[in-house]
Amino acid sequence: MDRAVNRVVLENEEREAKNTWRLVFRIAVLLLMVMTLAISAAALVYSMGASTPRDLAGISTVISKTEDKVTSLLSSKQDVIDRIYKQVALESPLALLNTESIIMNAITSLSYQINGAANNSGCGEPVHDPDYIGGIGKELIVDDISDVTSFYPSAYQEHLNFIPAPTTGSGCTRIPSFDMSTTHYCYTHNVILSGCRDHSHSHQYLALGVLRTSATGRVFFSTLRSINLDDTQNRKSCSVSATPLGCDMLCSKVTETEEEDYKSVTPTSMVHGRLGFDGQYHEKDLDTTVLFKDWVANYPGVGGGSFIDDRVWFPVYGGLKPNSPSDTAQEGKYVIYKRYNNTCPDEQDYQIRMAKSSYKPGRFGGKRVQQAILSIKVSTSLGEDPVLTIPPNTITLMGAEGRVLTVGTSHFLYQRGSSYFSPALLYPMTVNNKTATLHSPYTFNAFTRPGSVPCQASARCPNSCITGVYTDPYPLIFHRNHTLRGVFGTMLDDEQARLNPVSAVFDNISRSRVTRVSSSSTKAAYTTSTCFKVVKTNKAYCLSIAEISNTLFGEFRIVPLLVEILKDDRV
């Protein structure tokens, strides 16, 4: 609706501007015609009565005076034209931005009052500070000319840490998931009390908050609602998404190890939950026996979901039941993606054979590990109208953790490099009638992940692997035609080990100068990144939520790393 209103306003402004210029042109032409007639008449009169050179000299005097009048009139009209241009080109856009800020502030105030009255809690729907209006979920840098790698991250900035950390040596916080809408952000992670390798019991921390600007102009994330789901349910692999009703979350309910789950014949239980703006959490079990009837194991992709067309879209992956309709539909399908300027030397037939085998790794008993996308209607009823899309393996690699993102009008699926292909992948995604279609991906050759041989960071040939680590890229730089040019992200810059986290801006081939968390021996794991802009200052920032090793309190500490995106004009 906002987009339609903006389009109407712009069309009206363009129509008014055209009418104004047309009127100015007509007045100028009319004045010139009148002056021409006056000059002609004066010349005729003088020529008829002229008898001496002095009489003829008077004609030039009249003409000169007339020219002065015309020049004076045109100058006054030029002032009008200049004022019109200033109004249309400079002042009107600023006035519109101020009006938008006023409207958003009014909506914020009304939402607090209306929601507070409705739930008797005094709590309403939160909204980011006005400084961020137009700077969230947008194409932040539109540039056809500059080298992508001339943009680079600043040093990490000190800001309010909104993520709880372990409080004992045996505590474990892992698997962060983050999503941010134009009104609020959502964050979740898993909490294990007895070490990160315990699969039997865990808590799930879920929070809702907004972006604020301090009195000194610093960015900070303000948590407004949070809950620790500490019950008998063992929620795992959760993905979160910011929706108009709060924070929607999709989790699997796990009672066994991943390997045991793939050996089973029934799908994994899943739950759709929501933390509302009133701080209350509700959830509903999905009917996986119908929705995932062809699956033996199914998990959310860990990365954030996205709200698109009144539905929330989550990444999903898992194992297909052998010879089921979904499994049969993928039989013989494969795709081979190649490294930039680094061709695999293996024979083509061998590459194809290895690519096909990569979808059925031995670790999971030869089950086909499949990518999928689950969409659920967002309404006051949870788990409403779920629809599962299984993309063809002629587009996607072996199923893996992932994230669904929306930037501007474009949608993407990030797929973790769990298989042989190391560079980060972003599949363009289109949605229609509750289902999604994926297209050939953008690849970022220098944005790699560590992995075990033969699928290490520098690998270039198809192989069967379960490796890698989740490190998603965020679309940052676009062409004017809305195609993607560059991304921001935090990668683990090592061949095989989960070491050396660095943040950078990446194009399809190379990367910018990097910002390092610490030394190259620093242990790390998952990272998820999101970028936004403070419109008031026109500064772009990126947040990388990263699992960093923590030797004293727990194995990992989840740290929100904040950078400003700078530009080196010398590049």
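Placement of Cβ uses the backbone N, Cα and C atoms for every residue, glycine included.
Matching Swiss-Prot disulfide entries to the candidates C186, C196 identifies the partner of C172 as C196. Per Swiss-Prot, C251 makes its disulfide bond with C238 among C186, C238. Range with Swiss-Prot annotation region 'Involved in neuraminidase activity', chosen from 234-239, 318-323, 360-365, 414-419, is 234-239. Between C542 and the candidates C465, C531, Swiss-Prot records the disulphide bond with C531. Across the region 'Involved in neuraminidase activity' (234-239), the prediction's mean pLDDT works out to 96.
With a 10 A radius on its CB, C344 (disulfide bond) counts 18 other CB atoms from all the protein chains.
Each of the disulfide-bonded residues C172, C186, C251, C461, C531 was scored by other CB atoms within 10 A of its CB, and the lowest score goes to C461. Comparing Cα positions, C344 (disulfide bond) lies closest to C465 out of the disulfide-bonded residues C186, C247, C465. Ranking the glycosylation sites N341, N433, N481, N508, N538 by the number of CB atoms within 10 A of their own CB puts N508 at the top.
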